[in-house]
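> Sharing the features that TrEMBL gives for it:
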type	residues	note
BINDING	Gly173, Gly175, Lys176, Thr177	ATP binding site
DOMAIN	162-292	domain 'AAA+ ATPase'
DOMAIN	378-447	domain 'Chromosomal replication initiator DnaA C-terminal'
REGION	1-91	region 'Domain I, interacts with DnaA modulators'
REGION	351-470	region 'Domain IV, binds dsDNA'
Amino acid sequence: MTNDTWGRVKSELLDTVGRNNFSNWIEPLEFIELKQGVATFSVPTSFMANWVSRNFSDVILHHLHMNDATASRLNLVVANQRPAAQAVAGAAPQAQAPVAPAPRAVGVAASEPAKPVAGALDGELPGAPLDARFTFDSFVVGKPNELAHAAARRVGEGGPVTFNPLFLYGGVGLGKTHLMHAIAHELKIRSPELRVVYLSAEQFMYRFVQALRDRQMMDFKQLFRSVDVLMVDDVQFIAGKDSTQEEFFHTFNALVDQNKQIIISADRAPGEIKDLEERIKSRLQCGLVVDLHPTDYELRLGILQSKADTFRLQYPGLQIADGVLEFLAQRISNNVRVLEGALQRLFAFASLVGREITMEQTQDCLADILRASDRKVTVEEIQRRVSEHYNIRLSDMIGPKRVRSIARPRQIAMYLSKHLTSRSLPEIGRRFGGRDHTTIMHGVKKIEELKGLDNQIAEDLEMLRRALEA
Ligand code: ADP
Ligand code: MG
């Protein structure tokens, strides 16, 4: 076969495999010879040799055949970038092809994944640093996050890959990053030999763009395809960024093919990420998709207690009054980061005043945070939700009717208004058609009572609360 023939074959391959595959995998091949049914090419790295032989040898052979250059197999030799290893060792200059630089054959017939070329990978891994505080030990488990936690634990144990990828999603500050770091810490302890890489999708893009600019795509690909566990945080970031998506997709597939664990997080489910290619969405859905639900009261309280314990260790002697943590868990929204910030400020304040922090001081000290959290749920919203839930008119919620089918939902709305907003009883009364604050208090008490007696009411309350806080 002549170089011309190879040129024709290449242009056919471009049509068959597409522009991206072509420039990544076909273009770098250099034709050397076709002899006795073996077509020999030189490739830049052994990783590539393996990849091409596993994924493209059939199409290449097919197109060779169509151009009267029939071969039964490919022989891909790595253009040796490091002749030192062989030459300097003083080995007899035996049976090496007389081309410079000396090609080194790799076992392309083998179907095992490529052993990475040591030299090129000695550099640092492409990951971001891990936060030492984000461990499984410091992660508080509750109903809203128990599945995500269990899945993360499972992946952190290492062992055979059972779901790939693990896809964690949920709103801001619900613990996605914490869980990913925890997995990485755990793997590093249990299997220090694994190459675990954690980074944000943004950093992935940054690296990719940098590699393009510096013409180091081969290194980039090789680096990312050589890791054992890849974690990409906030993957929604690459939506709409076409070439980054494309590259991510290839990296993803390459690792899945090698049975390497991948862990992805996003702020929403794969199917709901706008401007993300369909094929990527469907790949992301192939493994285990779990969501972190908005925190509930118990989880928030648990987290506050655990953080408060840590603070007390740091600042022995600091005290906060009984009921303060409960109050914060009740009043501060879902976002655990905000919750932590509030507690931190409270302890800083305590260390200034040097005595126990009272409930009043808490309200003072955190007024802005409390107000910001309140904005989330309004009395009006509660009334709307509750009337939808019980299928009554919104106007009846504030109207005078006293039949139980209306009065009960109204009391539930009062109860939720008292617990989910910072409105005072008179303020709530005004929003319920100008009722007196004692009426509101009565309604709240009634529901508090019923909650313990009537399962249906307890369930409804929980459901409504979740819906309102989501
Ligand atoms: P996300 O990545 O989902 O936005 P993070 O993982 O960054 O959220 O969590 C925000 C903060 O809240 C971190 O400081 C984290 O340690 C803390 N946090 C979240 N969930 C929990 C939890 N269940 N237990 C303890 N800390 C938590
Ligand atoms: Mg995060």
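Cβ coordinates come from backbone N, Cα and C, glycine included.
Since this is a predicted model, take the numbers as computed values, not measurements.
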> Taking a cut-off of under 6 Å between Cβ and any atom of ligand 2, tell me which of the binding-site residues Gly173, Gly175, Lys176, Thr177 pass.
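Near the molecule: Lys176, Thr177.
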> Can you work out the mean pLDDT of the predicted model over the region 'Domain IV, binds dsDNA' (351-470)?
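Taking every residue of the region 'Domain IV, binds dsDNA' (351-470) together, the mean pLDDT is 90.
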> Starting from the Cβ centroid of Gly173, Gly175, Lys176, Thr177, the recorded ATP site, name every other residue in that chain with its Cβ within 8 Å, sequence order please.
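Once Gly173, Gly175, Lys176, Thr177 are set aside, the remaining close residues are Gly170, Val172, Leu174, His178, Leu179, Ser265, Leu292, Val336, Arg337.
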> Measuring CB to CB from Gly175 (ATP binding site), give everything in the same chain under 8 Å that is also at least six residues away in sequence.
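Gly175 (ATP binding site) has long-range Cβ partners Phe139, Asn145, Ala148, Leu292, Val336.
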> Could you break down the residues of the domain 'AAA+ ATPase' (162-292) into DSSP helix, strand and coil, giving a count for each?
67 helix, 26 strand, 38 coil
> Could you put numbers on the helix, strand and coil content of the domain 'Chromosomal replication initiator DnaA C-terminal' (378-447), residue by residue per DSSP?
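Once the DSSP states are binned, the domain 'Chromosomal replication initiator DnaA C-terminal' (378-447) shows 52 helix, 0 strand, 18 coil.
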> So how many of the residues in the region 'Domain I, interacts with DnaA modulators' (1-91) end up helix, strand or coil by DSSP?
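Tallying H, G and I as helix, E and B as strand, the rest coil: 48 helix, 19 strand, 24 coil.
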